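J.: The structure under discussion is supplied below as structure tokens; questions concerning it will follow.
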Amino acid sequence: MQESHFFAHLARMKLIQRWPLMRSVSSENVSEHSLQVAFVAHALALIKNKKFGGHINAERVAVLAMYHDSSEVLTGDLPTPVKYYNPEIAKEYKKIEAAAEQKLLSMLPEEFQEDFRPFVISQQTSEEEAQIVKQADSICAYLKCLEELSAGNHEFALAKKRLDITLAERKTPEMDYFLNTFAPSFELSLDEIS
């Protein structure tokens, strides 16, 4: 039996800090972020199915979201303003991410590679599934901004403005439902939500 470093690499997601250029009241790592994105993506899929006539596998979407940033164990977390500074950088970084996804997949025992391929290789995801994971990713960044701003950290004001635009561009009925139903609580204290 051959040794595999796949899960040892995934365990390092907790060592990669998000928002590396921002002063944060509460730090966030890629592992924590991925779990929150999985929660939100699962909810978006369920909302789409129950409220807006969707037919998407919510559990599959949750697992896709768990792995959506897994390549960062090999690439690190490049700040969004850098990643999307211009189309050429964004295009080249996508190539780097794709190579990292392939390398990560190749770490698995061969007999399991096809089972993990749909989750580790982002190009294997359907457009509808990818859209929900991207929406959840943006919502989680937005919720982080709300939390930081509520704690008096104005460092996140511009990031929130940018995310307001991103959310408007990706707007769907299920996103509106989620944001109207769940987002306001992120601006409240523990006493207020208890």
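Heads up, the Cβ atoms here are built off N, Cα and C, so glycines get one too.
Quantities reported herein were computed from a predicted structural model and do not represent experimental measurements.
Got these off Swiss-Prot a minute ago, pasting:
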SITE      R18  site 'Appears to be important in orienting the phosphate for catalysis'
BINDING   R18, W19, H33, D69, D77, L78, P79, T80, D137  substrate binding site
DOMAIN    30-142  domain 'HD'
BINDING   H33, H68, D69, D137  divalent metal cation binding site
J.: Between any two of R18, W19, H33, D69, D77, L78, P79, T80, D137, the residues recorded as binding substrate, what is the biggest Cα to Cα distance in Å?
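T.: Those residues reach a largest Cα separation of 15 Å.
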J.: Applying the rule Cβ within 8 Å of the centroid of the Cβ atoms of R18, W19, H33, D69, D77, L78, P79, T80, D137, what extra residues of the same chain belong around the substrate site?
T.: V30, E72, A141
J.: Provide the number of Cβ atoms within 10 Å of the Cβ of P79 (substrate binding site), excluding the reference atom itself.
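T.: Around P79 (substrate binding site), other Cβ atoms within 10 Å: 13.
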J.: What whole-number Å value do you get for the CA-CA distance of D137 (substrate binding site) and H68 (divalent metal cation binding site)?
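T.: With the alpha carbons as reference points, the distance is 9 Å.
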J.: Where does D137 (substrate binding site) sit by DSSP, helix, strand or coil?
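T.: For D137 (substrate binding site) - judged by DSSP and reduced to three states - the answer is helix.
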J.: Using a 10 Å cut-off, grab the number of neighbouring Cβ atoms around the Cβ of D137 (substrate binding site), all chains included.
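T.: Its Cβ has 21 other Cβ atoms within 10 Å.
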J.: Given the recorded positions R18, H33, D77, P79, which one's Cα is the least distant from that of H68 (divalent metal cation binding site)?
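T.: The smallest Cα gap between H68 (divalent metal cation binding site) and any of the recorded positions is with H33.
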J.: I'd like the Cβ neighbour count for R18 (site 'Appears to be important in orienting the phosphate for catalysis'), meaning other Cβ atoms within 10 Å of its Cβ, all protein chains included.
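T.: So the Cβ neighbour count for R18 (site 'Appears to be important in orienting the phosphate for catalysis') comes to 21.
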J.: Give me the long-range Cβ neighbours of H33 (substrate binding site): same chain, 6+ apart, Cβ under 8 Å, in sequence order.
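T.: Sequence-distant Cβ neighbours: R18, D69, C140.
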J.: What other residues of the same chain, not counting H33, H68, D69, D137, have a CB atom within 8 A of the CB centroid of the divalent metal cation site?
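T.: After dropping the recorded site residues, what remains is V30, S34, V37, A65, V133, C140.
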J.: Tell me which of the binding-site residues D69, D77 sits in the most Cβ-dense spot, judged by other Cβ atoms within 10 Å.
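T.: Max Cβ neighbours within 10 Å, all protein chains included: D69.
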J.: Between 0 and 100, where does the mean pLDDT of the domain 'HD' (30-142) sit?
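T.: Its mean pLDDT is 94.
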J.: Among all the protein chains here, how many other CB atoms are within 10 A of the CB of H68 (divalent metal cation binding site)?
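T.: I get 24 for this one.
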